[in-house]
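Annotated active site, proton acceptor per Swiss-Prot: Cys91, in sequence order. Per Swiss-Prot, the feature substrate binding site maps to Gly92, His93, Asp251, Gly256, Ser257; the stated evidence is similarity to another entry.
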Amino acid sequence: MKISRSLSTVEVHTGGEAFRIVTSGLPRLPGDTIVQRRAWLKENADEIRRALMFEPRGHADMYGGYLTEPVSPTADFGVIFLHNEGYSDHCGHGVIALSTAAVELGWVQRTVPETRVGIDAPCGFIEAFVQWDGEHAGPVRFVNVPSFIWRRDVSVDTPSFGTVTGDIAYGGAFYFYVDGAPFDLPVREAAVEKLIRFGAEVKAAANAKYPVVHPEIPEINHIYGTIIANAPRHPGSTQANCCVFADREVDRSPTGSGTGGRVAQLYQRGVLAAGDTLVNESIVGTVFKGRVLRETMVGDIPAVIPEVEGSAHICGFANWIVDERDPLTYGFLVR
């Protein structure tokens, strides 16, 4: 056997959504910012992402992150998020997974009852706080990036569902937020094929019609996914939502950055008051909580700083190899 690459990972899930943390095996990443390092990876070593996200090592809905050195003085480490289509700007479920792993595995100095974890991401610095009893990590809350409504009541035309109206909001990534009830889209596992078709059509139409650009981070310049909300299954939940993102990927968690954007959307529309908590349910029934910490501005756009809370669990450790003689060296996808 001729091993051309060996990679080590920690396998975590957040509310059911996989997050594969790559801890070793990457080349040294040039660049003074996480965005620059991500750009270098995309141009020079994208086969690593494909090997870890695609079958047979991964699957069409796989998600993960590369650990890298921090770029800001208060961060413990940096992360580059990756998925089936490429690389993302933010990943709230990934922040929760990374923070849990960092505390459980001793990557940071642990304190009782809560341990702080600082993470540099493409969207900026994220500060998380992990409950720690001296033996086990518990729920994680993180202070999200400034979040805001970019456009209200915008419409797109789709091939299968006609005209769809919603808001475009930002919570670390841009999403098109829409009510699923008028389209008979329950947020349940049994409806996943219809949810995927709807979400993919809306995302494609929205990106074609609305050229979004973050006012302070010009590299964030596309609509990452569609978030479809409807009635929850649990009495204590405010809503359920399903995020269809990247290349028709379905988030099993309630979506961390999407929850941040939803908090901003509801607050700026007067639906969620200061001090209220959004209990956001996923397609599999797991829950994130979100609330507004304070108001702020992003350029000339009114925004809020949300806090998002959820839980993650380590479910494995793995060593992966790439054998250049393998005809499926860097993987494939079957949808």
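Backbone N, Cα and C define each Cβ position, glycine as well.
Sequence-distant contacts of Asp251 (substrate binding site), defined by Cβ-Cβ distance under 8 angstroms and a gap of at least six in the same chain, are Glu17, His93, Cys242, Cys243, Val244, Phe245, Gly258, Ser282, Ile283. Apart from the site residues Gly92, His93, Asp251, Gly256, Ser257, the chain places the Cβ of Thr14, Glu17, His90, Cys91, Gly94, Val95, Ile96, Cys243, Ser253, Pro254, Thr255, Gly258, Thr259, Phe288, Val308 no farther than 8 Å from the centroid of the site's Cβ atoms, the recorded substrate location. Gly256 (substrate binding site) sits 6 Å from Cys91 (active site, proton acceptor), taking the Cα positions as reference.
Sequence-distant contacts (6 or more apart, same chain, Cβ under 8 Å) of Gly92 (substrate binding site) comprise Phe142, Asn144, Gly171, Gly172, Thr255, Gly256, Ser257, Gly258, Thr259, Gly260, Phe288, Val308, Gly310. Taking Cβ-Cβ distances under 8 Å and a sequence gap of 6 or more within the same chain, the neighbours of the residue listed as 'active site, proton acceptor' are Phe19, Tyr63, Gly65, Phe81, Ala121, Gly172, Gly256, Ser257. Between the farthest pair of Cα atoms in the substrate binding residues (Gly92, His93, Asp251, Gly256, Ser257), the distance is 11 Å.
When other Cβ atoms within 10 Å of the Cβ of His93 (substrate binding site) are tallied across all protein chains shown, the result is 33.
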